[in-house]
Amino acid sequence: MSLIECKNINRYFGSGENRVHILKDISLSIEKGDFVAIIGQSGSGKSTLMNILGCLDTAGSGSYRIDGIETAKMQPDELAALRRERFGFIFQRYNLLSSLTARDNVALPAVYMGAGGKERSARADKLLQDLGLASKEGNKPGELSGGQQQRVSIARALMNGGEIIFADEPTGALDTASGKNVMEIIRRLHEAGHTVIMVTHDPDIAANANRVIEIRDGEIISDTSKNPEIPASNVGRIREKASWSFYYDQFVEAFRMSVQAVLAHKMRSLLTMLGIIIGIASVVSVVALGNGSQKKILEDISSIGTNTISIFPGRGFGDRRSGRIKTLTIDDAKIIAKQSYVASATPMTSSGGTLTYRNTDLTASLYGVGEQYFDVRGLKLETGRLFDENDVKEDAQVVVIDQNVKDKLFADSDPLGKTILFRKRPLTVIGVMKKDENAFGNSDVLMLWSPYTTVMHQITGESHTNSITVKIKDNANTQVAEKGLTDLLKARHGTEDFFMNNSDSIRQIVESTTGTMKLLISSIALISLVVGGIGVMNIMLVSVTERTKEIGIRMAIGARRGNILQQFLIEAVLICVIGGLVGVGLSAAVSLVFNHFVTDFPMDISAMSVIGAVACSTGIGIAFGFMPANKAAKLNPIDALAQD
């Protein structure tokens, strides 16, 4: 069985009236160890034939077999495997990647074989040394002469073994001396057992081969052999490794090359990132503002009591009949306090009236409450003491005043121990409350607190309360507790002539409302992210167009479609992730400045918003980078190589 066998190969370019028949029923076979020169004038079809033999192009019709396997039935990645594992290409224009050193250019085919970094470098250095380039390993193509670049190209062709060497006009761009040197290397490769297929238009170059096939106008006009074939030796090559390190090495290499591509166009990369930076900074800042305002509001709610349920007469706030409902009593509060889920229950009654001290009369509100009311509501004492259980039991004529009362009546004196009159009833001041700075407590209303027994028995003369404030135990569910209290009072009153205000419900409403606002504003900020993503896609499409030649080179040396897709996708994600991290940093800087100058509420950047921002930027990189990356992966190798 021949190594290579072609039967009736035809190739056409164009369509319709512009259709050109390039190859016409080409049939040939090539044995292992053969050195074949395909000669012909420009436009004869010789390069097209070599591209088909090297699986860079496909025939329009006919059969092409490698070791008896029909290539027409192979998938793109199977053809890539042939180029990677068995073929080596020597191009007229060298086709080296300008951003890589000689060593990295030579080692590149082994990347797609899964060879480790040390193994790749050692083999590349050995090949360069064998070709007289030991001192040029770190040089880039622009720092090498034409002959040196071609020797690097030859070393690359041998990196994975190069069982079959395809040489396309290998001396076409070289001077005479360099051309002779390259041909000597190719002859040695043939003598070492490599099968060599060379395309040339020069009869003197073709004379180095032991078999010459001449093509004219797409047809073979002669096929002559002058020397017997040399038996093929076992050409060594790196074997593909299907292990986790295989995928890891490929990812690391793709990442490294993506970093090089980003750094190669620093300003363009920065401008591309700008949309992502602004978008991420906007989203993180908006969420931070939402978190800060929500935190401030919830702190204010907590300051007036957490885990509390307030019970009022009537059907709801604004119920005009509530003033006539007198069923909420002290006994209700006592029964409620005995429930297993209740920490405390304090009744409250209130009265408005004239507050008198010496010759000053003021309008104030007096609240009759239990001794636990202050703790439940989170009110703090500034000076003096609060009334206790004994004061409540004894109807003590004591009062705790707020800062407004102190400022109005005792601006220049100590109020403790002083007697004031409320509705002409004497009350002794025993304490002063701190000014309540939360959002719900900034008021000019003059407020006083006395034991509810004192207010009910000595001032209002009523037996019912205006409300009952219930403190729920920390381990109890407030929703369950609310239902239990409702059932209890309905059973006692015989009807539901009351309503409840659950502080946790307020908290949930605030959280829901601020969450909705954050989502709404974030969705607006996300528009800039989408715009940034479109910018990334645009630049990646430009990058694919600019690097089409590079893509063709990588495909020629064995890169799978997945390798090309991965590299360009990593590049897009890298741009977006860097942009995302810079955006988070920018938001953090804005937060520091904001929190320094604004004290009402902070910008609170949470770990989740940072994680979400990075995840979002990664998702944008994948979403908007996939189309350009997929376009690159689907390029035809020969079409990509033809781009300048």
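Cβ atoms here come from the backbone N, Cα and C positions, even for glycine.
Swiss-Prot has this to say about the protein:
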type	residues	note
DOMAIN	4-242	domain 'ABC transporter'
BINDING	G40, Q41, S42, G43, S44, G45, K46, S47	ATP binding site
TRANSMEM	270-290	transmembrane segment
TRANSMEM	524-544	transmembrane segment
TRANSMEM	574-594	transmembrane segment
TRANSMEM	607-627	transmembrane segment
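Sparsest Cβ environment among the binding-site residues G40, G43, G45 (other Cβ atoms counted within 10 Å): G43. Over the domain 'ABC transporter' (4-242), the average per-residue pLDDT in this prediction is 88. Across the binding-site residues listed here (Q41, S44), the residue whose Cβ sits among the most other Cβ atoms within 10 Å is S44. The ATP site is defined by G40, Q41, S42, G43, S44, G45, K46, S47, and by the 8 Å test on Cβ atoms against their centroid, the other residues of the chain that qualify are T48, H201, I215. A 10 Å cutoff on Cβ-Cβ distances gives S47 (ATP binding site) a total of 21 other Cβ atoms nearby, all chains included. Within the same chain, residues 514-515, 517-518, 521-522, 525-526, 528-536, 539, 575-576, 578-580, 582-584, 586-587, 590-591, 603-606, 609-610, 613, 616-617, 620 sit at least 6 positions outside the transmembrane segment (270-290) and bring their C-beta atoms closer than 8 Å to a C-beta of that stretch. Reduced to three states, the DSSP call for S44 (ATP binding site) is coil. When the binding-site residues S42, K46 are compared by the number of other C-beta atoms lying within 10 angstroms of their own C-beta, S42 comes out lowest.
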